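Feature annotations, reproduced from Swiss-Prot:
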TRANSMEM  1-21  transmembrane segment
TRANSMEM  33-53  transmembrane segment
TRANSMEM  55-75  transmembrane segment
BINDING   Gly70, Thr73  Na(+) binding site
TRANSMEM  91-111  transmembrane segment
Amino acid sequence: MIEALLVATGGFFGAITRFAISNWFKKRNKTQFPLATFLINITGAFLLGYIIGNGVTTGWQLLLGTGFMGAFTTFSTFKLEAVQLLNRKNISTFLLYLSATYIIGILFAFLGMKLGGI
């Protein structure tokens, strides 16, 4: 039961944080590129890598990794925004968004793990 509570608590704060950051960026950046989701997912990849690399206890992994990072990052919004770019026939931004998110996300997760100690 405590594990579920840790995940739920982390998820609550992760979702609220993503909502706030996403709205802040969208109000200030009027661009075709989905900058808010991109930065949230890259930051989340780095932080999750750092959490895992740091060797934190299972409780902290559940709270911060599964809960907070699981709700903070967003695979579904990433895919939706990519499809919307395609529907608007914005192929160059679509390709940039897809490739940058995957490549930079993996690099930042690796960097987080290295800085965390793995």
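The backbone N, Cα and C atoms fix where each Cβ goes, glycine too.
Gly70 (Na(+) binding site) counts 19 other C-beta atoms within 10 Å of its own C-beta, drawing on all protein chains shown. Around the Cβ of Thr73 (Na(+) binding site), the number of neighbouring Cβ atoms within 10 Å comes to 21. Here the transmembrane segment (1-21) lies next to the transmembrane segment (55-75) in space: the count of CB pairs under 8 Å, restricted to residues six or more apart, reaches at least 3. Sequence-distant contacts of the transmembrane segment (33-53) (same chain, six or more residues past either end, CB-CB distance under 8 Å): 18, 21-22, 24-26, 60-61, 64-65, 69, 72-75, 77-78, 81, 85, 93, 96-97, 100-101, 104-106, 108-118. Residues 2-3, 6-15, 17-18, 37, 40-41, 43-45, 47-48, 116-118 of the same chain, all 6+ positions outside the transmembrane segment (55-75), place their C-beta atoms under 8 angstroms from a C-beta of that stretch.
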